[in-house]
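Asker: Questions regarding the structure given below will be posed in turn.
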Amino acid sequence: MDIPKDRFYTKTHEWALPEGDTVLVGITDYAQDALGDVVYVELPEVGRRVEKGEAVAVVESVKTASDIYAPVAGEIVEVNLALEKTPELINQDPYGEGWIFRLKPQDMADLDALLDAGGYQAVLESEA
Amino acid sequence: MSFPLIFERSRKGRRGLKLVKAVPKAEDLIPKEHLREVPPRLPEVDELTLVRHYTGLSRRQVGVDTTFYPLGSCTMKYNPKLHEETARLFADLHPYQDPGTAQGALRLMWELGEYLKALTGMDAITLEPAAGAHGELTGILIIRAYHEDRGEGRTRRVVLVPDSAHGSNPATASMAGYQVREVPSGPDGEVDLEALKRELGPHVAAIMLTNPNTLGLFERRILEISRLAKEAGVQLYYDGANLNAVMGWARPGDMGFDVVHLNLHKTFTVPHGGGGPGSGPVGVKAHLAPYLPVPLVARGEGGFYLDFGRPKSIGRVRSFHGNFLALVRAWAYIRTLGLPGLKKAAALAVLNARYLKELLKEKGYRVPYDGPTMHEFVAQPPQGFRALDLAKGLLELGFHPPTVYFPLIVKEALMVEPTETEAKETLEAFAEAMGELLQRPKEWLENAPYSTPVRRLDELRANKHPKLTYFDEG
């Protein structure tokens with residue numbers, strides 16, 4: 001299972017990639033594999049302020065629907081509109097084209113509380 | 001192997017029956033504005049083609065009349081054929097008939113309501129909702145009306161559901177305009193009481209629970225939960241999907257629940273699957289009774305009547321009287337078994353689930369929340385096996401699969417509910433098949449099924465581009 005080292009992770013299988021004063025958020029390779037074929041993504045509204053752990057998006061697959069949580073508190077500044085037509089990008093390229101939203105954290109230092117690649121790997125092993 | 005639609009069998013002008021010309025004509029009886037302008041597109045086939053078509057379809061079906069059907073949380077028990085005969089007795093009734101000429105039907109509804117109230121420990125009931133999720137929506141709208149009536153409609157905006165809940169619970173709460181908050185399960189698979197305490201407060205309208213829960217475990221701290229709810233002014237909602245486990249033994253009303261919905265098509269043998277029709281009566285405690293939908297069946301001095309005079313009612317939720325013939329079947333079931341019979345059915349449902357759970361454990365399956373199983377349990381295949389492949393493989397071995405990938409808190413979940421109507425030998429044969437699947441080559445599993453009318457369907461395309469009618473109507 002692919003876990004890039006350039007970003008942060010949550011126990012709920014989101015990744016957060018810092019870019020300037022924003023972070024890009026998506027779901028991990030493990031998460032997309034567990035969900036199966038994604039058929040629909042409900043995106044948040046741009047400008048919405050969210051708390052850490054708040055459900056901000058929904059990914060629906062042929063198996064189930066799953067909430068996507070904000071990894072840190074902040075404001076939604078951009079969403080991946082491509083997912084409206086091609087939600088399968090989440091399956092095809094979970095760490096790249098399949099990103100879900102861009103968040104402007106209220107404090108970039110909040111990211112330090114998240115897991116690194118090694119920490120996330122350990123979460124997966126403990127869940128197996 | 002393709003099987004044509006009835007429309008594809010149609011040939012212009014072909015007839016099964018020659019109809020006598022209608023006298024008088026439709027035009028003489030129905031105002032012009034209500035007459036259709038184009039004739040309906042009905043398939044035109046001869047009688048034998050028609051018989052072969054539907055007989056052929058029925059032979060390609062998997063159902064409880066052909067196959068063990070352990071679909072978790074769906075209670076696919078046997079639907080006694082006697083109930084069909086009973087329902088037929090009412091087939092000529094018309095819902096617009098004067099209630100004075102339909103006293104038998106009203107009496108049946110009234111009696112069924114009394115039985116269901118007695119079984120659930122509730123004070124009042126509506127039989128109107130047409131399915132479980134419909135019952136849920138009705139129940140939550142009743143709770144909403146109650147809070148609004150007390151001036152708390154604007155402050156109580158949250159509904160709590162456990163993370164093991166049926167998906168319809170959060171969906172219902174959202175539909176009724178509530179914000180949904182998830183309460184985690186503890187390591188024993190029951191609601192985490194401390195987490196629940198943290199979520200409770202004057203902003204919460206209701207907690208939705210099913211007991212036993214979707215792991216098939218009885219929530220042993222339910223009295224504590226209901227006490228906490230009551231203290232916080234929160235209404236406790238019982239999702240009756242799993243009532244089969246406790247029917248006649250324990251009553252939601254005694255556990256402290258304020259609202260209950262029942263699935264007559266699960267617990268009370270009304271046939272379901274393939275579109276129903278279902279029936280989802282909603283029972284409430286006295287403080288919620290004023291908000292029940294209208295009309296309610298009531299008994300007065302002159303007989304039974306429909307009570308519309310309920311000013312605080314949330315209104316109608318369904319035309320006429322719900323799915324009436326489903327009510328007849330449920331009534332027949334309760335009358336046939338009586339309370340001792342219903343209790344025995346529940347006990348056997350639990351016994352069957354526990355026996356099958358042990359058999360599957362012997363075959364190499366794991367049961368992650370292995371508590372005192374009630375009517376169903378959630379198993380996991382050994383490492384490396386996918387629930388979906390096992391489900392498809394089961395079809396090849398002649399069984400309907402269990403529910404898969406639910407509840408969400410168990411990975412590769414196989415949710416098995418055998419029900420009380422299965423014989424010991426059937427459970428054993430199913431366990432053998434489950435064991436055999438683990439011995440099959442991976443490649444065989446990944447490509448199963450082989451001999452079913454269709455093999456693996458393109459679920460992705462079916463979801464993204466559903467084609468719901470035969471006719472292309474843009």
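Quick reminder: no glycine exception, Cβ is built from N, Cα and C everywhere.
As listed in TrEMBL for this protein:
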MOD_RES   B:LYS266  N6-(pyridoxal phosphate)lysine
DOMAIN    B:345-438  domain 'Glycine dehydrogenase C-terminal'
Asker: Take the domain 'Glycine dehydrogenase C-terminal' (B:345-438) and average the pLDDT across it for me.
Answerer: 96
Asker: Going by DSSP assignments with H, G and I as helix and E and B as strand, what are the residue counts for the domain 'Glycine dehydrogenase C-terminal' (B:345-438)?
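Answerer: Across the domain 'Glycine dehydrogenase C-terminal' (B:345-438), the residues distribute as 43 helix, 11 strand, 40 coil.
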Asker: Let me know the DSSP-derived helix, strand or coil state of B:LYS266 (N6-(pyridoxal phosphate)lysine), please.
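Answerer: SS state of B:LYS266 (N6-(pyridoxal phosphate)lysine) = coil.
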Asker: Can you tell me how many other Cβ atoms are located within 10 Å of the Cβ belonging to B:LYS266 (N6-(pyridoxal phosphate)lysine)?
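Answerer: Around the Cβ of B:LYS266 (N6-(pyridoxal phosphate)lysine), 25 other Cβ atoms lie within 10 Å.
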